[in-house]
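Asker: Shown below is the structure under consideration.
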Amino acid sequence: MPVGTQATVKAMTREELEEINSQIILGNTYHLYLRPGDDLVNDFGGLHKFMRWDKPILTDSGGFQVFSLGDLRKIKEEGVHFRSHLDGSKHFLSPEKSISIQNNLGSDIMMVLDECPPGLSTREYLIPSIERTTRWAKRCIEANRNKDKQGLFAIVQGGIYEDLRDKSFEELYEYDYGFAGYALGGLAVGEPREDMYRILKYSTPKLPENKPRYLMGVGEPVDMLEAVEHGIDMMDCVQPTRIGRHGTVFTKYGRLVIKNAIYSRDDRPLDEGCDCYACKNYTRAYIRHLFKAGEILGQRLATYHNLHFLLKLMDNAREAIIDGRFKEYKEEVLKNYTMGKESEWIKPKSI
């Protein structure tokens with residue numbers, strides 16, 4: 001799911017998102033509350049009309065951003081007091097406030113306000129944090145004034161501990177009537193990859209099969225395929241747009257830093273066999289030139305390609321599942337992707 005933090009996926013137009021077959025995008029509750037304000041968005045008829053996007057939108061609760069503010073926030077049972085990163089003004093985010101903002105934004109999927117523990121938190125920290133997240137989730141259900149049109153997802157926490165993941169899910173499942181789906185939070189936040197995979201393998205099958213399963217904050221191809229193998233349906237990450245704006249692109253054979261001088265005379269497209277607009281129309285040499293010249297088009301083309309790459313990766317994974325060959329598909333993708341600099345496609349070629 002492409003991330004549209006400020007009601008826009010950075011460097012992409014609505015038409016371009018439709019071209020690459022984006023089915024759903026994300027909006028950021030924290031940022032949209034601060035600017036332009038959820039009341040203003042509501043006055044325009046919600047995010048769909050404000051940004052002219054008629055496909056589904058998911059909004060996060062704002063919790064991750066607030067809890068990332070460090071000394072600028074204070075956690076209490078009623079909610080979180082914090083200062084804006086924009087101007088230092090004081091604000092308060094409670095479960096009720098988060099849902100009210102998301103109701104105003106009019107997203108199709110809302111997330112509960114959870115306490116987002118720091119990466120590699122201790123058991124002693126996580127246990128009361130999980131219990132608070134459960135209490136806040138119940139308050140979110142009660143606060144939702146638009147249950148028929150906006151689905152609410154729960155967020156399972158618990159760090160890298162299987163029993164705490166069980167504790168979080170079992171507590172939340174008592175309120176299953178109020179949830180349209182379940183997310184796994186607190187992963188891809190600095191823990192070793194093997195720990196993330198272990199928790200994915202353990203926790204995902206325990207989530208209800210009849211509701212979407214959402215892994216938050218994951219956008220690396222190898223991690224996405226691992227998640228799909230264990231039953232994850234939805235993922236999001238700012239990574240494809242962020243690294244694209246800084247000159248790194250995904251390819252079939254791993255990442256390629258297009259700004260590197262070795263590609264200054266390379267007349268090939270960004271990726272072998274890619275049918276995206278950037279690859280069909282421009283060479284590596286030209287896109288590198290755009291980056292070195294500080295031209296915005298370079299960022300746009302790299303972003304377009306990266307989002308197309310990941311969406312195509314998931315389209316192909318879906319087809320492989322339907323055809324009963326996902327294991328073979330995953331093995332083939334990983335074999336190529338991990339070649340990296342050993343691949344002839346990553347090595348430079350001069351005209």
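Note that the numbers count up from 1, one per residue, in the order the chain is shown.
Just so you know, glycine gets a Cβ as well, placed from its N, Cα and C.
Feature table excerpt (TrEMBL):
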BINDING   Asp60, Ser61, Gly62, Gly63, Phe64, Asp114, Gln157, Gly186  substrate binding site
BINDING   Cys274, Cys276, Cys279, His305  Zn(2+) binding site
DOMAIN    1-337  domain 'tRNA-guanine(15) transglycosylase-like'
REGION    217-223  region 'RNA binding'
REGION    241-245  region 'RNA binding'
Asker: Taking only the Cα atoms, work out how far Gly62 (substrate binding site) lies from His305 (Zn(2+) binding site), in Å, as a whole number.
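Answerer: Roughly 28 Å, rounded to the nearest whole number.
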Asker: Return only the integer: C-alpha distance in Å from His305 (Zn(2+) binding site) to Asp114 (substrate binding site).
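Answerer: Spelling it out, the Cα of His305 (Zn(2+) binding site) and the Cα of Asp114 (substrate binding site) are 33 Å apart.
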Asker: Among Gly62, Gly63, Gly186, all listed as binding-site residues, which has the most CB atoms within 10 Å of its CB?
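Answerer: The most densely surrounded of these binding-site residues is Gly186.
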Asker: If I take every residue in the region 'RNA binding' (217-223) and average their pLDDT values, what number comes out?
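Answerer: Summarising the region 'RNA binding' (217-223) by its mean pLDDT gives 97.
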Asker: Between Asp60 (substrate binding site) and Cys274 (Zn(2+) binding site), find the distance joining the two CA atoms and give it rounded to the nearest Å.
Answerer: 32
Asker: Do you know offhand how many angstrom separate Ser61 (substrate binding site) and Cys276 (Zn(2+) binding site) by C-alpha?
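Answerer: Checking the Cα atoms of Ser61 (substrate binding site) and Cys276 (Zn(2+) binding site) gives a distance of 33 Å.
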Asker: Using C-alpha atoms, which one of the binding-site residues Gly63, Asp114, Gln157 comes nearest to Cys279 (Zn(2+) binding site)?
Answerer: Gly63
Asker: Counting all other Cβ atoms within 10 Å across every protein chain shown, which of the binding-site residues Cys274, Cys276, Cys279 scores highest?
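Answerer: Of the binding-site residues Cys274, Cys276, Cys279, the most buried by Cβ count within 10 Å is Cys279.
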Asker: Check the DSSP secondary structure of Gly63 (substrate binding site), expressed as helix, strand or coil.
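Answerer: Looking at the DSSP assignment, Gly63 (substrate binding site) belongs to a helix.
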Asker: Going by DSSP, is Cys279 (Zn(2+) binding site) sitting in a helix, a strand, or coil?
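Answerer: SS state of Cys279 (Zn(2+) binding site) = helix.
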